[in-house]
Amino acid sequence: MQEPTYRTTTMTAPGTTGRGARAATATVTGDRSQDGLPRRAAGHSDRGRPDLPVAPSRTHVSRRTPLRDQAAQDNTNARRATGFLVAVGAIGGVVLGLTIQAVLPLTGTLSNLLYVISVLAASIGTYGVLLLLLLIARLPVLERAIGQDHLATWHKWIAPWAMWLVFVHIILVTLSYGMDAKHNWFVELWSLTTTTPWILPALAGTAAIIAAGYTSWKRVRRTIKHETWWTIHLYTYLGIALAFAHQITAGGPFLSGWSRALWVGLYVAVFAAIIGYRVAVPIYRSLRHGLRVAAVTQEAPGVTSVWVRGRDLPLLGAQEGQFFNWRFLHPGLGYEGHPYSISAIRGDMMRLTVKALGDSSAAMASLPAGTRVMVEGPYGAVTPGRVAPDPEDRTRRTVLIAGGVGVGPVAALADRVAGEAPLEIIYRAASMDQMPHRDELWELQARPRVRVHLMPGHRRDYPLSPEHLRATVGRLDDAQVYVCGPASLNRQVVRSARALGARTENIHHEIFDL
């Protein structure tokens with residue numbers, strides 16, 4: 001049976017040879033303008049272009065942390081995150097133990113049994129809700145090791161369980177009181193709502209949580225604007241605060257003693273973390289570094305890069321491959337932040353590259369220079385130290401794979417890793433015109449041990465299947481692999497990389513559909 005042949009456009013640095021690649025060398029438009037910037041295709045514009053010190057900015061290597069030191073810091077971050085999660089689990093065990101101690105001893109009545117189960121459901125469900133908030137509080141100890149995308153995935157997984165436990169509490173505690181009072185369930189619910197302090201606010205808070213959960217359902221979320229979804233989620237904080245007032249006044253194990261003190265402390269700690277890391281710290285950092293839009297460039301049809309300048313940016317701690325939640329204080333863009341990856345770090349400037357997929361991203365193309373920028377972050381656990389080869393796990397090279405505008409973090413990582421480790425870059429897009437930053441990748445050919453594979457065209461021609469990937473870069477037993485692109489591309493590359501011998505811990509990708 002004849003082995004299939006795959007097309008690829010490969011740029012290879014002088015003196016290097018293809019590793020198992022079945023490819024033809026092609027010329028790529030990589031000419032430079034007088035200011036050292038890549039020339040843009042016809043119809044592309046650079047507003048504020050004279051302010052872009054792109055060419056000299058690549059010389060700021062002396063301020064970078066060595067890759068080996070970054071890898072060691074990543075390992076330290078992982079240990080700290082593990083310790084933090086163990087502590088969270090231990091506190092959960094204490095909460096459960098105190099609750100069980102408070103409801104014992106059991107009596108033999110059915111209503112009492114239902115009450116005990118309802119109290120346990122309330123304790124576990126409420127702790128789950130606080131855990132949900134903690135996962136999205138942007139705690140550095142978790143963000144640096146796990147990444148916001150995976151924390152958001154945990155948040156989505158835990159949320160239904162926490163909500164169902166709260167529902168179980170409402171159903172069973174009402175049923176228990178109704179049995180004692182000889183009322184049916186609906187009559188007892190009305191009685192509790194109208195006669196018990198803080199029950200009505202707690203039910204309103206529960207309704208807010210239900211609304212947040214419903215609008216997070218994929219089928220529903222596709223039909224509403226991101227701004228609407230985000231606004232609804234803001235009300236969950238109010239809902240949880242209202243539920244807290246009910247919890248500490250409802251009696252049972254929450255009314256007094258160590259249990260009450262522990263719950264008050266948990267609520268205070270979680271809300272303090274949210275206010276601190278999602279409000280206070282971002283405002284301080286944004287003002288401290290004086291972040292403003294320096295220029296806007298059109299990279300490709302529908303793709304825009306925004307350059308942001310600031311003071312003392314190394315102190316911000318951003319690394320290639322990470323992202324910020326960017327909030328541009330410009331009409332139509334200041335209401336909420338949006339997550340965009342860093343596509344370049346150049347001295348006192350950072351770049352984000354955005355594809356126009358909605359109202360907010362499309363409006364980025366018209367941002368005026370000087371617009372103030374507020375940021376949350378940096379976030380993301382995929383850093384140069386994470387994707388660089390590690391002799392301890394027998395990896396000797398890095399393979400970066402980008403699809404479409406996913407080239408943003410790949411371009412930044414490639415710029416950092418190139419020349420310090422063997423590097424293979426695969427870039428797939430619908431056409432050559434829809435390949436922003438391809439000229440930057442071309443420039444990397446001047447560094448040793450770098451190969452770039454451009455794949456402009458239909459995915460049928462470049463399937464990135466195990467056979468195709470092996471024909472391009474060989475087996476991946478010795479590689480750190482990072483992929484950034486649409487979810488379908490990420491899934492395909494992960495499957496192919498595993499089939500070619502890459503270990504799960506050496507395959508990195510981030511989920512941007514949060």
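Even glycines carry a Cβ here, placed using N, Cα and C.
Those TrEMBL annotations? Automatic predictions, nothing curated.
Annotation source TrEMBL lists region 'Disordered' at 1-74.
Marked as compositional bias 'Low complexity' by TrEMBL: 1-31.
Residues annotated as compositional bias 'Basic and acidic residues' in TrEMBL: 32-50.
With a cut-off of 8 Å between Cβ atoms, the residues of this chain six or more beyond the transmembrane segment (84-107) that come close are 113, 115-116, 119-120, 123-124, 127, 131, 134, 139, 141-142, 252-253, 258-259, 262-263, 266. Taken from TrEMBL, the feature transmembrane segment applies to 84-107 (among others).
Taken from TrEMBL, the feature transmembrane segment applies to 113-137 (among others).
The annotation transmembrane segment is assigned in TrEMBL to 158-178 (among others).
Sequence annotations record features per position, and here TrEMBL assigns transmembrane segment to 198-217 (among others).
Annotation comment: TrEMBL describes 229-249 (among others) as transmembrane segment.
Sequence annotations record features per position, and here TrEMBL assigns transmembrane segment to 261-280 (among others).
Per-residue pLDDT, averaged across the domain 'FAD-binding FR-type' (286-385), gives 89. Per TrEMBL, the feature domain 'FAD-binding FR-type' maps to 286-385.
Count of Cβ pairs under 8 Å against the transmembrane segment (229-249): among 113-137, 158-178, 198-217, 261-280, the largest is for 198-217. For the transmembrane segment (198-217), the list of distant contacts is 129, 156, 159-160, 163, 166, 170, 192, 224, 228-229, 232-233, 235-236, 238-243, 245-247, 249-250: same-chain residues at least six beyond its ends, Cβ to Cβ under 8 Å. DSSP assignment over the domain 'FAD-binding FR-type' (286-385) gives 18 helix, 46 strand, 36 coil.
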